[in-house]
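Trainee: Sharing a structure, written as C-alpha cells. Questions coming.
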Amino acid sequence: MSTSTQNIPWYRHLNRAQWRAFSAAWLGYLLDGFDFVLIALVLTEVQSEFGLTTVQAASLISAAFISRWFGGLLLGAMGDRYGRRLAMVSSIILFSVGTLACGFAPGYTTMFIARLVIGMGMAGEYGSSATYVIESWPKHLRNKASGFLISGFSVGAVVAAQVYSLVVPVWGWRALFFIGILPIIFALWLRKNIPEAEDWKEKHAGKAPVRTMVDILYRGEHRIINILMTFVAAAALWFCFAGNLQNAAIVAGLGLLCAVIFISFMVQSSGKRWPTGVMLMLVVLFAFLYSWPIQALLPTYLKTELAYDPHTVANVLFFSGFGAAVGCCVGGFLGDWLGTRKAYVCSLLASQILIIPVFAIGGTNVWVLGLLLFFQQMLGQGIAGILPKLIGGYFDTDQRAAGLGFTYNVGALGGALAPILGALIAQRLDLGTALASLSFSLTFVVILLIGLDMPSRVQRWLRPEALRTHDAIDDKPFSGAVPLGSGKGAFVKTKS
C-alpha cells in the first residue's frame, strides 16, 4: 500500500465490482450457514421421531463433516481448473439439494446420506467463496475479506434460529428443511451476475489448464490405488460415525487408517511441501475440536439441561451467533492490524477467560448468559473468520482452492468427532461441564500451533528446501520460517 493512500478509509480502496463480488459470496455463505445448522436446531425433534440414541443423533451432525474432505478436494480442484465462480455456484446447489432431502427423510440412514451431500457442498462453498473474495480484494485488506465473509455463516445460523422458533412449533421440523431449496435460485443468479476472481484470472490468462489435485490423485500414476483408498476412507469414516461400533480400539484403528490415507494424498499432491499441509490439517482439526462441541450441542444443552422453550433457545442462540459474526469482522480488522497469527492467538487467549462462566452461570438469568455467550463466541469462534486467510497464505494461486479445501475439510473431521465426544463425556458429566472442559483445554493446543507457526516450523525441520518464507496472499513473513533468535534479517523472500 503506497503512502499516498494510507490515510484513505479502507472501504474506499474497494471498487464497485469488488464489493459486488463480496456481497454475492457473503450471501452464499449466509445460506450455507442457514442450511448447515438446521440439524442442530431440530436434533431433539429428529431424535424423538426416529427413536435415536444421543450418540446416533449427534452422528447426524457428524455426517456432514465426514464427506467434507472429498467435497473440498473435488470442488476445490474445480475452482482451480475452471474458476472460483463455477465452484461456488455448484457448491450452493449441492448443499441445497441435500437440505431438501433431509426434509423428506423417512429415517436415520436416509438423513445421514443427505447430510453427507450437505457436507460436500459446504466444503466446496467454504473453499471457493473464501478464495474468490480473498483473491478479489487488495492484499492489505485480505484479513478483512476473510473475516467479513465468514461472518455470513454465523448470520445464517442466527437467521435459522429465528426461523426455527417461528416454523417448527407450527409446522414441525421437516418444514424447516424445505426452506433450504431457496439457495438454488440465488445460485442461478450468481452464475450470470458476478465476475471471476482477479488473482485467478491473472494467473490463468492465456495459459494451459493447471494440473489440479484431482488430476494428480485420480488421473495420475497411482490413480487405481488412490481410488481404492478413497473408498476405504469413506467406509472407515462411515463405520466410525454411523456404524455403532462399540470397540474403541477398532474405532481408533480406523481413524489411524484414515489419517494415513489423507497424509498419503497430501504427500502426492503437495510434493516437498507436504509437512506444511499435514500441519495445517492438524491446526484445523484442533480448531474444530475446541469450537464445535459448543456449536453443535449448545441447542441441546439449552433445551435439556436449562429447560428453555424454543423461543428462549432462539434468543440465546441469537446472542451466540451474532457474537460469532461480530467476531469474524473484528478478527478481520485485528488481522490486518496485528498480523493474522498474532491476532488469532490474542483473541483465543481472551476467550479463555469467559468459557467457564458461560456454563457455570446456569439458566436463571437469560440475559447474562446471552451476553457471556456473545463475547465468548466473538473472541473464540469469531476469530476463525481469518482461518481461510491463514491457510490460503501457504498455497500458491494455482492450488489454493484445492489446498485450502482439502486441508481445511480433512481437519474439519474434528467437527465430526466433537459432538460425539461431547455426548460421550456427557454420559459421565453433565453436558455443560463436558462442553466447557473440551473447549477450554483444546483451545490451548490451537494457541500453540498457530502462535509458534508450526506449519512453517515443521516444514523447516523436515523439508527445508521447499520452505516458503512469506505469505502467498499478503507477502508478510512467516515467523516459523527462521530459527528463533535469527532476527528480521533472516527473512529472505523465496518462491515456491
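Backbone N, Cα and C atoms are what each Cβ position is placed from, and that goes for glycine too.
Sharing the record's features from Swiss-Prot:
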TRANSMEM  22-42  transmembrane segment
TRANSMEM  86-106  transmembrane segment
TRANSMEM  116-136  transmembrane segment
TRANSMEM  148-168  transmembrane segment
TRANSMEM  170-190  transmembrane segment
TRANSMEM  247-267  transmembrane segment
TRANSMEM  278-298  transmembrane segment
TRANSMEM  313-333  transmembrane segment
TRANSMEM  353-373  transmembrane segment
TRANSMEM  374-394  transmembrane segment
TRANSMEM  406-426  transmembrane segment
TRANSMEM  431-451  transmembrane segment
Trainee: Among 86-106, 278-298, 313-333, 353-373, 431-451, which stretch has the highest count of C-beta pairs below 8 Å with the transmembrane segment (148-168)?
Mentor: 313-333
Trainee: Which residues of the same chain, at least 6 past either end of the transmembrane segment (170-190), have a Cβ under 8 Å from a Cβ in it?
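Mentor: Non-local partners: 24, 27-28, 31-32, 34-35, 38, 41-42, 45-46, 49, 85, 88-89, 92-93, 95-97, 99-100, 102-104, 160, 163-164.
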Trainee: With pairs 6 or more apart in sequence, are the transmembrane segment (353-373) and the transmembrane segment (313-333) linked by at least 3 Cβ pairs under 8 Å?
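Mentor: These two stretches do touch.
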Trainee: So if I exclude everything within five residues of the ends of the transmembrane segment (374-394), which remaining residues of that chain have a CB under 8 angstroms from its CBs? That is, six or more out.
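Mentor: Those are 126-127, 130-131, 134, 142-143, 145-151, 154, 273, 276-277, 280, 283-284, 287, 290-291, 294-295, 319-332, 334-335, 340-341, 343-344, 347-348, 350-352, 354-355, 358, 400, 403-404, 407-408, 439, 443, 450, 455, 468, 471-474, in sequence order.
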Trainee: Select the range from 86-106, 116-136, 247-267, 278-298 that forms the most Cβ-Cβ pairs under 8 Å with the transmembrane segment (406-426).
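Mentor: The stretch with the most close Cβ contacts to the transmembrane segment (406-426) is 278-298.
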Trainee: Same chain, outside the transmembrane segment (247-267) by at least 6, Cβ under 8 Å from its Cβ: which residues?
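Mentor: Contacts of the transmembrane segment (247-267) (Cβ under 8 Å, skipping residues fewer than 6 from its ends): 69, 73, 217, 226, 229-230, 232-233, 236-237, 239-240, 274, 277-278, 281, 406-407, 410, 413.
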Trainee: To the transmembrane segment (278-298), which of 22-42, 86-106, 116-136 is linked by the most Cβ pairs under 8 Å?
Mentor: 22-42
Trainee: Six or more residues beyond either end and a Cβ under 8 Å away: which residues meet both conditions relative to the transmembrane segment (116-136)?
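Mentor: For the transmembrane segment (116-136), the list is 17-18, 21-22, 25-26, 28-29, 32, 35-36, 63-72, 74-76, 78-79, 84-85, 87-88, 90-99, 101-102, 142, 145-146, 149-150, 195, 197-200, 388-389, 392, 397, 400-402, 404-405, 408-409, 412, 473.
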